[in-house]
Amino acid sequence: MKTDIEIAQSVDLRPITNVVKKLGFDFDDLELYGKYKAKLTFDKIKAVEENAPGKLVLVTAINPTPAGEGKSTITIGLADALNKIGKKTMIAIREPSLGPVMGIKGGAAGGGYAQVLPMEDINLHFTGDMHAITTANNALSALIDNHLHQGNELGIDQRRIIWKRVVDLNDRALRHVTVGLGSPINGIPREDGFDITVASEIMAILCLATNVEDLKERLANIVIGYRFDRSPVYVRDLEVQGALALILKEAIKPNLVQTIYGTPAFVHGGPFANIAHGCNSVLATSTALRLADYTITEAGFGADLGAEKFLDIKAPNLPTSPDAVVIVATIRALKMNGGVAKDALNQENVEAVKAGFANLARHVENMRKYGVPVVVAINEFITDTNDEIAVLRNLCAAIDVPVELASVWANGADGGVDLANTLINTIENNPSHYKRLYDNNLSVEEKVTEIAKEIYRADKVIFEKKAKTQIAQIVKNGWDNLPICMAKTQYSFSDDPKLLGAPTGFDITIRELVPKLGAGFIVALTGDVMTMPGLPKKPAALNMDVAADGTALGLF
């Protein structure tokens, strides 16, 4: 059986100029990055803004195993299948972060015969967007430290600077650092730290900005820290939003690539869903909606994280609301949520599938609270048995949710046709009545509690002393009308990664609340969620190499 990278490298790629002809593109609408990658020009983005949006489908998942459950694979395969049956379809997904690629994932461009290509480029440096975001973030850090060194006219309290540096790697050694050491000419010594690039507020800003002017306004609104009198200091006080936007002027343009079957795909932006809002850019999704009859997009991790944030944070910024939600389930993840140990997930266990179904059922119920119709996609693995699949089908029928087996990893577009037809039937016969979970005018505590009780099913929310102090500061500064972005483990509905399935009788503890005014939300930190991940004992990087002819090896 071929690996993902072997499949990807066996494909004869089409020139990207040919791929987008079906969308009505001219050569001048693209800024080429070689033969197979391009960015869309601002002129083309502007030209399609008056087009009526097509149908929007969000792909999400149940609580995953550490390897993930194949949301991107299903997203890509479903789009290929829709195109196969004559529906003009585009994809809008996130671009991978190099940290997890070198760490546990080994790649994040789909899998098998449902991939976006060229996968090696997408997984590595792509068009340089991640580096631009990293540079903009760290330029701001340098400008802050220079301001301190040059006399600190704004009266910034260096003990209360909340802006951190970033790097697009998993590097636990950089979580806490001290800068400015050595001598007075090296700046003002202070504690600092590094986050991973995809946790940067600038990543979230890039993914929520609708144009360059909106980008600049959002950058200007970033809070970098506080003065000695505890008043906030914004980027606009430093007057550097223009410089930061200049660094990002190419990165804000959506990237165009293709699937194995030639479906055009926007791959743009990549915030994590456990520490940020977990969705690709508004600009890419909005443009896809105006170019295609169907746009298939995804949100990170399980529906309790990525989908909730898509529906409560991203969707209000789009030209249309979702017409359907596809929840990806795997037999192995159901068994894990049913209590099976990781090393036994490949063994048949019908009873564990039944027990783990409570996790899927809760996600279905949660998505229905938004008024959007739901379809379940079973992402098929070769270890799944007929009895396990049959039980899952029956359980889905019992809660009246359409379900289809998708074998897109093994069979490409053909393996997604049943899912595509069921999705179309669901959309045509069940119009969406989308509504947000909560009103932004509720208090911070009420919004957090609404998410915790309605989505996670917590008994109550406990706000630690630091969080309570921060809420008072948020209210004082008039920031309390923003939506909430929960930072929580992806493995559980709770804030305990070991509490699997559909737990009840637990509390959610909020340890910190961080205003991200540029992004336009408040991050509520729970548990031990890290904004700078570490590498596993045996990182995927150990299996990576490059051949003498430049061919990438070991990505998967």
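Going from the start of the chain as shown, residues are counted 1 onward.
Glycine is no exception: its Cβ is also placed from the backbone N, Cα and C atoms.
K71 (ATP binding site) falls within a helical segment according to DSSP. If you look up Swiss-Prot, you'll see T65, P66, A67, G68, E69, G70, K71, S72 marked as ATP binding site, on the strength of sequence analysis.
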How many other Cβ atoms sit within 10 Å of the Cβ of K71 (ATP binding site)?
26
Ten-angstrom check, please: count other Cβ atoms within 10 Å of the Cβ of G68 (ATP binding site), all chains counted.
22
Other than its own, how many Cβ atoms are within 10 Å of the Cβ belonging to T65 (ATP binding site)?
16
Neighbours of T65, P66, A67, G68, E69, G70, K71, S72 excl. site residues, C-beta within 8 Å of centre, ATP:
A61, P64, T330, A333
For G70 (ATP binding site), which residues in the same chain are close in space, meaning a Cβ under 8 Å from its Cβ, but six or more apart along the sequence?
A61, G111, V328, T330, N379, W409
